[in-house]
Amino acid sequence: MESVHVIAATVGFTSFGLLWLSVLGGVALRNGWGLTRLRQPVAYALHQGVALTGLTLGLVHGLAQLAVPNGTIAVVEVIIPFVDAHDPIGTGAGVLGLELVLAAAISIVIQRRLGFSRWRAVHTATYAGFFLISAHVLVSGSDIGPWWVWGTVYTLWLGTVALWFTTLPKRSLRAEGPTLVATGPAQINGNLRVDVDPVRCARFGFCEQEAPEVFSLQGDGRLDYTAAPPVTRLDDVIRAIEICPARAISVRHSSAGGPAPRTPAPTTPQVVRQRTRTNTFEPATELDEYRQARGRHSRAQHHAAVHRDELTDEEQQ
């Protein structure tokens, strides 16, 4: 009985720690922190891997309570929250919190079908789930007695709450550029200039759902976007900026009229394709970078050989 309890408690605390890390990773991804140092797919893979591992261990922790000899937990009590006769609050908080995290994990599979607004609402439930799981640890944890144990749980819990509230996206969005404030298209004269950072963009396609006249995700994964949309699309562009998980979209005010200028290729090795009114890009692969470097090296060797051939015998001596 003691060994089952130790295993269940260890798995439970490990699950709590991993879920805490996944919440921090979600806040970092929401605010675009660290994406200049870590590639977008890698960051999302780490976040999802940690979250799924923590969720799996949480489910194991709940099922392990059924294996405790002479235990008071029944099957229905690990499925339906707040029906446990011995500890309805603590056990119910843990069950409900884990179910919220599970719902958020399932929503990732169907996020395109849900749309970003509904998916974000479901995914935000992970914060509530973590708070409930923290309450479960503090209320029902039998090994929470030492001050350094409950002190650590309290610190992680309250620190996460403070971080979440202090990093909420502001609705009063200011776009890049000279005095362009998201107050309404009627106050803006001239053209808009939309830019998408190809390094940050993960091509989820949420921007297309908010502003389909400006953004279009192609079947091969490339993103087409209108670089100079009409001012009447300002509100749509701002909504796309707000919902972009990678914070890859920016808009600024271009006072000059006329068609949009051609956007130069970025300094980082990217494959950029220019159309009449849209910019289409796709991140370069490592093979593309290798081919570009090899081409530059070959051209340098060729120029050096031509220069040597043009030297006279006297100059060579």
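Even glycines carry a Cβ here, placed using N, Cα and C.
Per TrEMBL, these features apply:
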type     : residues : note
TRANSMEM : 6-29     : transmembrane segment
TRANSMEM : 50-68    : transmembrane segment
TRANSMEM : 88-110   : transmembrane segment
TRANSMEM : 122-141  : transmembrane segment
TRANSMEM : 147-165  : transmembrane segment
REGION   : 253-317  : region 'Disordered'
COMPBIAS : 293-305  : compositional bias 'Basic residues'
Quick test of the contact rule: Cβ under 8 Å, at least six residues beyond the ends. What residues does that give for the transmembrane segment (50-68)? 1, 4-5, 7-8, 11-12, 14-19, 21-22, 25-26, 74-75, 78, 94-95, 98, 101-102, 105, 126, 133
Contacting positions for the transmembrane segment (122-141) when only residues 6+ beyond its ends and CB under 8 Å are counted: 9, 12-13, 16, 19-20, 22-23, 26, 51, 58, 87, 89-91, 93-94, 96-101, 103-104, 107-108, 114, 149-150, 153-154, 156-157, 160-161, 164
